[in-house]
């Protein structure tokens, strides 16, 4: 028989039929697909929505969430049992059979994958198959860490008796499922208490120990709360202390504990692991934060000698998740004042202080009509609130708690269609009808996962050693915290670090050149000393896990003029989607192109809502305001942003990530830190890394003194030494595969078909048109890029080889190997492993194709060179450059030396080949806009490349060659070029052929536009004249004879492909200096009509400075021609981005001009100085 469930409100009983319990209707779900199992579910045709009213406001809602109820309600048809504490709950230990376990697991996994929008996905199916396999083999299974965190939060969200659930997502989960002993449990619980107490700024947390297997190896915490006061019962029946703890106090005494016999003796922790008999552990006094109670008005209140502990941590309940029963899973929130003032101190079966307080107040306690109990209770609550706030301890008053719960009900009704709530427990024990929850009808039902009552451990424990006289285990040796810590420290290094390793630190990077990855991996090494750290590229990160991260560190560079790197675009879009979901917008509303566009990121990098939390923000007052909590409210984060101040939108992507993480509720550990490529980037990271490590250790209450010293040494220590790196002979790898592995791209080998200088054979300048054979598997669209994998110059490679110490054959194929140490239960194990990125090839090939030898060495590499120098002057100079940021930047700017020039400047530096190779960074691809259209040149890819050569030291230094442009200049027809393509979706042609197009591209910025007009030509040839929108080109160069593709442009004008071509000449004699933005101003009316009135598209390609000037010019044109205010024109420009009508393809400084570099370096120095100030 299925009993009716009850909705209870002021004695009114509303019945409904619950769904069939999973326990009652277990089916064999083995070997079923998810779809088959859904068809197998019992029909729930009798279910109807529950109408719930608010008697005060007359508002009504329909609860449908109860359809998912999986447990019979406590009420009978003849009686309502809503006020019975354990009604309908089986407290006895029970092991679920496989079929029932699988049914629960199936339900939970459905909920989990639905929450991450992957219900019935291949990942869901694979996970379910894995669980089925585990259960079939072992009778149980393991939740993943992310599933566990999700389940713990959802269980709090489902708890019908909790009034503070609005903060359900802000729960720190300590995964302690690997603990096997009571001492390990005690260490974890001490960490939990320390973390959650947080010097009074209470934080919600749960610690989860191994789940039940066969019922004979349970882990249990015998205390009902982690911190509680003893109840000492005298022979006359009176109790000193807390009467609620008398029975458990006697258990502790029989185990050997001895209290002091005061009203507030803190009970020890009694713990049993793996079904063994319990041990007890005294909590160290410094771990238990107690608040002495005083009153703001009555001075005598403090004379009562009352106090209470700050942390309410429930430890006797069972966490039931996915069919797994976690019998030891203590959790905490923070106190509501009435829990202490009304219940703990006021209840007659607790401290029963109301009469004493009333007598002190000189109230007449002989008759209830004086309301002395009510008055005394109010003042007790006043004292509790006053005392907690006086000592800066988090607490919430019952009015604020009730208001927050009403907000939570509203949220849940919108998000889930209902909210389980037990009216008897939700309504505060004081001022009930003065709170809004009193008037709200509620539906009480139970959802999984959840927190469930279970039988007291001492009532069901099977003792291994029996003391016949007392019926308990013989007296145990008492364990002190210091003894445990000492034993852990000296007996097992692995176990000693296990506690900190339970806290995961996820480090994400987004990079184009590899610098962000390098800094991120160094950060990972530092955090591995105290956390379980993992380093991932943003594109490899599973965004479904972000809500459940405890610690998130981001190292992000900015690409171009504010864009994310290619491997960060998906992350940017996902963050934006979360933000839109939080704002209640439908999923289809989000614009992924907008989310990763430069203008959008620039705008969002300059805003910061007050709702985002700093670490120093306090919740010590009333915490009922839910507005500051977002979907990432449980995430602590810090961001290090890399960029170049040569670009106007400096570090825009890192700022964007920092702001969005904050706006989504994340807690910022330290303020955004930037590293400027123009000055002191490595130094900025070296300053930021130890700071964020120290703050993180403090946040998670990890002892960081000794660990901090070990970790920060990683910043200054050599990653490899002569004894930890070596070359071994090995067969050569395929070059194409090796390059693909290094760059994590599909690399193609493509022959060069043709090459010519667009300025003519006699010109002193060279801008090349390269025609490359296109592999049939390469696909691209006009506007996309090619990444060219160039070779370093032969003379550089030869020179470096001549400076190496060893006489290794540079043409023999070798493999670089690193000696790695791994700590195992058997001790430290050392193994030689291949370098994770470099291939097996010759030393010459490594220096030619795989390693960067032209970028000035970093301070870390110079410090390494100092250790290799035999001349004291070389050592001193190199050490100065490595440690003095200003000296390094001046040296770097003036000489911009390549590796060979450094070795020549410091000739006493002699380096082992393997050691040098291990220190160098990868040679990065050089990107070029494709200058052709596949619709016109089906088997070719064209590139437009300006050959870069310059002299350092104001033109008086040695000549330097651009790596890729000079490689392409030297390559001969028929030789193979290794390359890959990169999509540029924000720079593709409009979907509508009729939309006007304005193209602005001085110099080689014309490259992608050649592909545009070729595509339009092919379209017209294939489809006929048709109706095409105008296509106008604004091109600029220094002199008329440097006009690129002049004849081709004239031909396109005659063909009607190009509507107009405008030429700006900046150095032509006898005419005024003119730039492309000047011509835009001349054509302002036409530009306005095409862009604003006709909905045209605007494309800009070139260096970042030009692009910023063009953007400002277009903005001014639209404002002037449209008579717009600043606010209106800014909104219009952002709307163009939103509609993907403003397109930028931006690259950095083309030549190292003194004007640009001096300005950028000066701004970088000012920024560094400001960041170093406290």
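In case you wondered, yes, glycine gets a Cβ from its N, Cα and C as well.
Sequence annotations record features per position, and here Swiss-Prot assigns heme b binding site to 162, 453. The L-arginine binding site annotation in Swiss-Prot covers 225, 334, 335, 339, 344. The feature FMN binding site is assigned by Swiss-Prot to 639-670. Positions annotated as FAD binding site by Swiss-Prot, on the basis of similarity to another entry: 780-791, 923-933. Residues or ranges marked as NADP(+) binding site by Swiss-Prot on the basis of similarity to another entry: 998-1016, 1095-1110. Residues annotated as domain 'Flavodoxin-like' in Swiss-Prot, with sequence analysis given as evidence: 505-693. Marked as domain 'FAD-binding FR-type' by Swiss-Prot on the basis of sequence analysis: 745-990. Sequence annotations record features per position, and here Swiss-Prot assigns region 'Calmodulin-binding' to 475-495 based on sequence analysis.
Site extent for L-arginine: the farthest pair of Cα atoms among 225, 334, 335, 339, 344 sits 15 Å apart. DSSP assigns residue 659 (FMN binding site) to a helical segment in the three-state reduction. Confidence in the domain 'Flavodoxin-like' (505-693), given as mean pLDDT, stands at 80. When the binding-site residues 655, 659, 783, 926, 929 are screened for a C-alpha within 10 angstroms of the C-alpha of residue 1008 (NADP(+) binding site), the residues that qualify, in sequence order, are 783, 929. Around residue 655 (FMN binding site), a 10 Å sphere centred on its CB holds 26 further CB atoms from the protein chains shown. Taking each of the binding-site residues 643, 1096 in turn and counting other Cβ atoms within 10 Å of its Cβ gives the largest count for 643. Checking each of the binding-site residues (334, 335, 339, 783, 926, 1013) against residue 651 (FMN binding site), the C-alpha distance stays within 10 Å for none of them. Comparing Cα positions, residue 1101 (NADP(+) binding site) lies closest to 655 out of the binding-site residues 339, 639, 655, 659. The Cβ of residue 783 (FAD binding site) lies under 8 Å from the Cβ of 929, 930, 984, 987, 988, 989, 1008, 1011, 1012, 1143, 1145, each of these being in the same chain and 6 or more residues away along the sequence. Sequence-ordered, the extra residues of this chain that approach the L-arginine site, with Cβ no more than 8 Å from the Cβ center of 225, 334, 335, 339, 344, are 308, 312, 336, 340. You'll find the Cα of residue 643 (FMN binding site) roughly 31 Å from the Cα of residue 932 (FAD binding site). Spacing of residue 659 (FMN binding site) relative to residue 334 (L-arginine binding site) is 29 Å (Cα to Cα, whole number). Rounded to a whole value, the Cα-Cα separation of residue 453 (heme b binding site) and residue 1096 (NADP(+) binding site) is 66 Å. The binding-site residues listed here are 663, 667; among them, 667 has the most other Cβ atoms within 10 Å of its own Cβ.
Looking only at the binding-site residues 162, 663, 780, 789, the one with its C-alpha closest to residue 335 (L-arginine binding site) is 162. For residue 647 (FMN binding site), the nearest of the binding-site residues by C-alpha distance turns out to be 1003; the candidates were 225, 780, 1003, 1013.
Close to residue 932 (FAD binding site), meaning Cα to Cα within 10 A, are the following binding-site residues out of 225, 655, 663, 1013, 1106: 1013. Comparing Cα positions, residue 663 (FMN binding site) lies closest to 162 out of the binding-site residues 162, 339, 1003. Cβ environment of residue 639 (FMN binding site): 553, 554, 555, 556, 654, 657, 658, 661, 672, 673 lie under 8 Å away, each six or more residues apart in the same chain.
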